[in-house]
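Enquirer: Quick one: structure below, then a few questions.
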Amino acid sequence: MQSKIQKDSPLLTQEEMYLFNCGEFYYSYRKFGAHFLEHKGRWGTYFAVWAPQARQVSVVGDFNGWCGMNHSLQKWEEQGIWTLFIPGLPTGEIYKYEILTSSGESVLKADPYAFFSEVRPHTASVIYSLEDYSWGDQAWLAQRKTRNPKVLPLSSYEIHLGSWRRTEDGRFLNYAQLVTVLIPYVKSLGYTHIEILPLMEHPYDGSWGYQITGFYACTSRYGTPHDLMYLIDQCHQAGIGVILDWVPGHFCMDAHGLGKFDGSPLYEREVHEQWGTYKFDYSRSEVRSFLISNAVFWLDVFHVDGLRVDGVSSMLYLDYGKAKGAWQPNRYGGRENLEAVGFIKQLNATLHGLYPDALLIAEEATDWQGVTGPLDQEGLGFTFKWNMGWMNDTLRYIGLDFPERRSFHQLLTFPMMYAYAESYILPLSHDEVVHGKKSLLDKMPGDYGQKFAGLRGLTTYFMTSPGKKLLFMGGEIPQFIEWREDRELDWFLMDYEMHRKYHGFVQQLNGLYLREKALWEIDGDWTGFEWIDVHNHEQGVIVFCRKGKSFQDRLVVLINFQPYNYERYRIGVEMAKGYREILNTDSTDFGGWGMTNPGLLKVEGVPWHGREFSLEIRVPALGAMILKPELA
């Protein structure tokens with residue numbers, strides 16, 4: 001940012017070049033790229049780019065007729081960095097780097113550090129100043145410093161901005177327009193955070209933002225960087241945190257992007273055959289400076305509250321997505337990518353040092369040990385990890401026909417064997433409602449009513465199981481069709497009673513989650529969870545207790561995964577004056593058939609489930625209920 005650039009020198013210093021070449025210049029975006037600033041009494045734009053193998057680098061754009069003869073950059077030979085100050089060149093101008101490679105080929109490249117880009121399909125960078133936004137989220141940031149996310153509720157609404165809602169003629173809502181509709185909607189549903197699919201500039205809509213060309217440029221599809229600042233600022237002022245998906249594992253192969261930037265493999269190590277992208281080369285210090293600075297950039301400049309790091313498994317393993325014999329083991333003969341491991345640890349150490357209150361979330365799908373373990377204990381240092389095992393087992397189970405479920409009861413119970421091995425987030429994400437996997441509602445067996453009942457049960461299981469929560473947009477309506485990135489959600493479904501009632505159910509359940517300490521106060525170890533009935537595969541019922549620090553905060557959760565009513569179902573409980581049903585998914589308010597348990601439920605001295613006391617309740621088909629003790 002301009003003020004910080006001018007603090008010492010407006011231009012790159014020798015010390016900063018040294019840090020960059022060592023992989024430790026964590027604010028490289030303040031000097032690399034295009035910066036409108038004052039130098040020697042004149043305003044203009046300063047350019048800096050890393051291209052060590054280039055024979056010549058020029059800046060070209062409309063301002064010089066796309067001819068770089070008069071605007072060649074000076075090379076700092078030892079550092080491989082090229083710089084140039086062009087007096088009088090203002091913000092808003094489009095530009096690219098014209099790079100003459102060692103083989104004599106001339107290529108046009110977008111600026112790796114550009115803050116803004118043309119709207120696709122155009123690919124030029126835009127000179128843009130990130131100054132002059134007045135933030136109003138000071139109270140939010142101050143409060144964030146005092147909070148421990150591991151012992152507080154965290155419920156994220158995952159969203160793809162381009163397909164959440166559109167204008168009547170099918171155009172994207174821009175960042176500023178989303179403020180008036182997205183924030184009240186998320187707030188009304190009771191979510192604590194939104195998690196946004198990648199906003200970094202990308203050429204192809206169908207990549208959902210995961211194949212990036214401009215890591216420092218929020219996509220111009222939805223407006224300007226200042227518009228995005230406004231959206232995040234307003235989220236914070238409304239009490240909503242913002243997490244961004246971040247993709248340091250690979251980048252797209254489009255000609256204007258990072259690939260073969262100076263004619264040589266500069267940012268990339270190899271092709272990711274499975275995804276058709278380039279993998280980053282973590283052995284290069286300058287690539288580490290680029291990527292770690294990028295993470296810092298989003299936390300620093302845009303005030304985001306956390307980063308969800310995409311594709312960590314693909315980074316950690318040398319054989320990821322490769323056939324047998326198509327990869328080389330590391331120096332110890334193993335499959336671990338030691339350079340990627342080193343990068344991740346350096347990344348998390350840096351971010352924890354600069355922003356100790358930021359959330360660092362790993363999408364990691366293997367049994368790698370210590371993903372959320374402390375760095376000083378050989379862990380990777382993430383705050384949370386997506387629990388892909390829980391997600392896979394749960395969605396496999398609920399997709400089974402009712403009779404089959406009896407033989408696969410362990411899919412419900414086995415995830416608790418490792419529920420506290422890491423600090424987990426339970427993800428019902430975008431990846432699970434595309435590519436023929438069906439929507440959450442359509443995964444359910446049974447008729448129309450049973451599908452809704454089953455989904456209410458699943459959602460209750462999701463919200464009451466140990467771990468933080470993430471639900472992809474559309475799951476709260478709920479949609480029958482899969483997510484499609486080229487159109488908005490099926491909002492018309494809210495005209496139908498069952499969808500409207502399910503939407504209200506999600507709202508009520510989120511509110512209960514926020515209120516009930518047992519669901520998050522002891523979310524990180526076994527003292528916060530206890531099985532009551534774990535083996536009832538025949539009836540398809542599980543019963544467990546979630547615990548807070550106080551007995552009066554305890555909750556008893558029962559979920560019936562079979563389409564049968566049980567009129568007198570006995571469960572073992574701790575002694576209390578009685579238990580009150582604080583949620584029943586079969587309530588007619590939620591679209592159920594009304595088989596509930598009103599009033600105070602009497603505790604009896606009948607031993608059951610290894611406890612001295614028990615009570616009887618009515619259990620509805622495919623129903624779930626939450627009971628809370630009342631003291632004498």
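Here the Cβ of each residue, glycine as well, is placed from N, Cα and C on the backbone.
OK, Swiss-Prot features for this one:
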- Asp310: active site, nucleophile (ACT_SITE)
- Glu363: active site, proton donor (ACT_SITE)
Enquirer: Give me the count of other Cβ atoms within 10 A of the Cβ belonging to the residue listed as 'active site, proton donor'.
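Expert: Total other Cβ atoms inside 10 Å, all chains included: 22.
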Enquirer: Using Cα coordinates, what distance in whole Å links Asp310 (active site, nucleophile) and Glu363 (active site, proton donor)?
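Expert: Given the Cα positions, Asp310 (active site, nucleophile) is 5 Å from Glu363 (active site, proton donor).
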Enquirer: Inside 10 Å of the Cβ of Asp310 (active site, nucleophile), count up the other Cβ atoms and send me the figure.
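Expert: Looking across every protein chain shown, the total is 20.
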